[in-house]
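Novice: This is the structure, below, for whatever I ask next.
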Amino acid sequence: MEYNEFEIISKFFKNHQKKDKNQIKGIGDDSALIKIPKNNLLAISTDTLVEGKHFLKNITPKDLAYKSVAVNLSDLAAMGAKPTWITLSITMPKSDSVWLKSFSKSFFKILNKYKLNLIGGDTNSGPLSITLSIYGLIEGKNALLRGNAKNGDLIYITGNLGESAAGLSLLQKKTFLKNVKICNYLIKKHLKPIPRISEGIALRNIANAAIDISDGLISDLGHILKNSKCGADINLNTIPISKILTDNFKIDEYLNWALNSGEDYELCFTISKKNIKKLNVAIKKKIIKCTCIGYITSAEKGLNLIQNQKKIIFKKSGFNHFI
């Protein structure tokens, strides 16, 4: 069964949540009205996901809904923001009720998990794409930024790198593994990334600079270095790569995935040495799991990769939306 724009909004996206105390007006008027709490900054991020470019054509609506929200949440995590509101715009070839029901159910499930309220959006006809704008609050003025890294800072990564790329390679049938359990694990890492919201909030009073790894470590760390006017030395022997990857793939494969492939949605951040004790407290409390991979240097030294105490040549890569 097909629906028009207003029927889609009414049936699948309106009145699924209670308004929060700062939401004056949500879906149903020309604009949403929200009140920003005193002494808070509002962080805003927008992402568009296009079929065939950002997600595979055979992705289920359930997985698409989850991932579209998760990748936006990751941007808030990189700023140290607490998720609050979201808008959704869907462009789709036809208003398939079965597809919409599955999508909206998964969509509200992740929204409720992270206490996000849908406050508006749009629907249109055309090739499948999802556009989300997400809003988060930051108490005080301690937002995490890309441009605050300092010479001498230590560089850390949360979690492990490369598993999402391995999962995508399996989905695209570029890579094959006999172990079904491992295949399913890696595919899930690609389809259902975990945004590091609590880690980002905890890092507000610890880190100098941060970014989420959406386009690959080399590419995204490069944004920190460019914005901070710094260089970096990275020890490849300390890059956090899971035993699943090291046991099942060649070193060239998993190192390339870890360095150049995106969609891990882990956080890369820098801290001054004086804040190591604060970070260790967060690690001990299991708020953050992270690995030190190098340190910030002066801009003229550039970005250097060190392996077994030797500088190696590498190709700067990463995901590019216009290739």
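Using the three backbone atoms N, Cα and C, a Cβ is placed for every residue, glycine included.
Swiss-Prot lists these features:
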{"type": "BINDING", "residues": "D30, S45, D75", "note": "Mg(2+) 4 binding site"}
{"type": "BINDING", "residues": "D30, D75, D212", "note": "Mg(2+) 3 binding site"}
{"type": "BINDING", "residues": "T46, D47, D122", "note": "Mg(2+) 1 binding site"}
{"type": "BINDING", "residues": "D47, D75", "note": "Mg(2+) 2 binding site"}
{"type": "BINDING", "residues": "H54, E263, F319", "note": "substrate binding site"}
{"type": "BINDING", "residues": "G121, D122, R146, S214", "note": "ATP binding site"}
{"type": "BINDING", "residues": "D215", "note": "Mg(2+) 5 binding site"}
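Structural setting of the listed features?
Specialist: Other C-beta atoms found within 10 angstroms of the C-beta of D30 (Mg(2+) 4 binding site) number 6, with every protein chain shown included.
Around D75 (Mg(2+) 4 binding site), taking its Cβ as the centre, 23 other Cβ atoms fall within 10 Å, counting all chains.
Long-range Cβ proximity for D122 (Mg(2+) 1 binding site), meaning a same-chain Cβ under 8 A and a gap of 6 or more residues, is found for S89, I90.
In the three-state DSSP scheme, D47 (Mg(2+) 1 binding site) falls into the strand class.
For the recorded site, E263 (substrate binding site), the DSSP three-state label reads coil. The local packing around E263 (substrate binding site), expressed as other Cβ atoms within 10 Å of its Cβ over all shown chains, amounts to 22.
Residue environment of G121 (ATP binding site) contains 17 other Cβ atoms, counted within 10 Å of its Cβ in all protein chains. In the three-state DSSP reading, G121 (ATP binding site) counts as strand.
Just so you know, the Cβ of D215 (Mg(2+) 5 binding site) picks up 21 other Cβ atoms within 10 Å once every protein chain is counted.
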Novice: Report the residues of the chain - excluding T46, D47, D122 - with C-beta within 8 Å of the mean position of the site's C-beta atoms, for the recorded Mg(2+) 1 site, in sequence order.
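Specialist: Going along the sequence, the neighbours appear as T48, T87, L88, S89, I130, T131, L132, S133.
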Novice: If you count, for each of the binding-site residues S45, T46, the other Cβ atoms lying within 10 Å of its Cβ, which residue has the minimum?
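Specialist: Each of the binding-site residues S45, T46 was scored by Cβ atoms within 10 Å; lowest is T46.
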Novice: Nearest to D212 (Mg(2+) 3 binding site) in three-dimensional space, by Cα, is which of the binding-site residues D75, R146, E263?
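Specialist: Comparing Cα positions, the closest of these binding-site residues turns out to be D75.
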Novice: Show which residues of the chain containing D47 (Mg(2+) 1 binding site), separated from it by at least 6 in sequence, have their CB under 8 Å from its CB.
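Specialist: In sequence order, S68, V71, N72, D75, T131, L132 meet the Cβ cut-off.
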Novice: Cα-Cα separation of S45 (Mg(2+) 4 binding site) and S214 (ATP binding site), in Å?
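Specialist: The Cα atom of S45 (Mg(2+) 4 binding site) is 14 Å away from the Cα atom of S214 (ATP binding site).
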Novice: Taking the Cβ of H54 (substrate binding site) as the centre, count every other Cβ atom within 10 Å, in any protein chain shown.
Specialist: 19
